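Here TrEMBL flags 36-443 as domain 'Major facilitator superfamily (MFS) profile'. For 466-485, the entry in TrEMBL reads region 'Disordered'. Residues or ranges marked as transmembrane segment in TrEMBL: 74-94, 101-121, 127-146, 167-184, 190-209, 248-267, 287-309, 316-334, 418-438.
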Amino acid sequence: MAPRFLRELIPRREKRAASGSVVVAFKSLTWVQWIQFWSGWLAWTCDAIDFFAVSLTVNLLAEQFNESTTSITTAITLTLLFRPVGAIIFGILSDRFGRKWPLVFNLLLCCVFELATGFVSTFPQFLGVRAIFGIAMGGIWGLSSASALENLPVELRGIGSGVLQEGYAVGYLLAAVINLTLVAQHGWRVLFWTASGISFFAAGIRMLVPESAFFLRAKEQERARGTNTSHKTKTFIKETKAMLKRHWLLCIYAVLLMTGFNFLSHGSQDLYPTFLEDSKSFSTHDATVATIIGNCGAVAGGAIAGSVSQYIGRRLTIVIFILLVGAFIPLWVIPTSFSALSAGAFCIQVGVQGAWGVIPIQLAEMSPPAFRATFPGVAYQIGNMISAASAQIEATGAANLRTTVIVDGVPKSEANYATVQAIFIGVVSAFVVIITIIGPENHGSHFENHKTAFEEGGGRDDAVAVADSASQTSFREANSEKSNA
């Protein structure tokens, strides 16, 4: 018999998805549900392109502004520090007014600030724009996750979570491809301008996609009751206070969980291209290709883990994939050949992003149901803020822990990124396993049945708006009516 702690990680039989029910759920999806999901995925992909534009061009930026690598990573830190502000602002707007227009406005802001980044001429200007850009970037994840997952049937939310989260890896892939092609010919600025155009395209797509059925239903009911905007805003504030009073401990836990996860992702990705170039003497081209291979592993890991979590539970899936991270750390940093290091990057990202693939649905299910844009988004971005110095920690540690590499037969002292990254990721992985095991899980939650945050009682966990049996039908009907309109 399995140990007690392991049995507690596995959801009860009635909570697990049956393979037949998953197939039926796929067949039942309307085109509106599909496009709502993929518009959320595209928005999150844009966020990743925008963020990793700096990570992939660290050396070019250092040369442009005559600054050290550590100084350039300050821009990454500033972006992460300001992201919680955006998560709070746009999360509240989304839970109060709906998913559609807050996300459209959020994407347009990203477009503007990304475009501005490509026109800066001094290092202080660069830091300033990236700091403000962090506010715009901070709202994307919570809004994308809520938009994508709440319209899917419960049986598909595991795989939906994995595919959604790996929009992050796809964004990294696209940024790497742009870096490999356009940047090589036209310089670093073109990466930011291209990213701006993609964000503008994503905003245009979201404009054409209907509002979430969850909000259409709530707004229709409030309109029937004759509730005005002022009353709904007062109700929203009251229910928010009630939620915080009831769930303050859950808020702390979610922040700790996301702190560990953000240290894990940023620690394994932000300076990996720099590590390959400086410590392994890779060319920029080869470092970029290795990064692309690693992110192919990320896409695969996220989709697999999300699907598996629907059957064995969210927490157990996370633990399994984090253990894979620990197992592949040596392959990730020790080899010297391109093929071996690329294989290490692929395997490590299967583990890191596999675990991450469960996070959107794990946070959505554990969140106070009426606040599943604000709660996950703010927890995620506060974790991001706490982990903001990941790149600087690794860069400073590596600069002080030197190693000798042979370049053209000549010994050369270089920053020891390999040892620092291995220790860093090993410690963070252990923390994530522990914090995951001791946390809650609400596998298979029907949060779509819950009242919105602007309805009376929305702050309570038991404030169900419609019966379970009618809920999925009402959502499909609402989507169908909207698509036929």
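The count begins at 1 with the first shown residue.
Including glycine, each Cβ sits where the backbone N, Cα and C put it.
With a cut-off of 8 Å between Cβ atoms, the residues of this chain six or more beyond the transmembrane segment (248-267) that come close are 76, 80, 322, 325, 352-353, 355-356, 359, 363, 366-368, 375-376, 379-380, 382-384, 386-387, 390-391, 394, 421, 424-425, 428-429, 431-432, 435-436, 439-440. Against the transmembrane segment (167-184), the recorded stretches 74-94, 127-146, 190-209, 287-309, 418-438 differ in Cβ pairs under 8 Å, and the greatest number is found for 287-309.
When Cβ-Cβ distances below 8 Å are used as the criterion, the transmembrane segment (190-209) is approached by residues 32, 35-36, 39, 42-43, 45-46, 49-50, 53, 56-57, 100, 103-104, 107-108, 110-112, 114-115, 117-118, 174-175, 178-179, 182-183 of the same chain, each at least six residues removed from its ends. When averaged over the domain 'Major facilitator superfamily (MFS) profile' (36-443), pLDDT in the model lands at 88.
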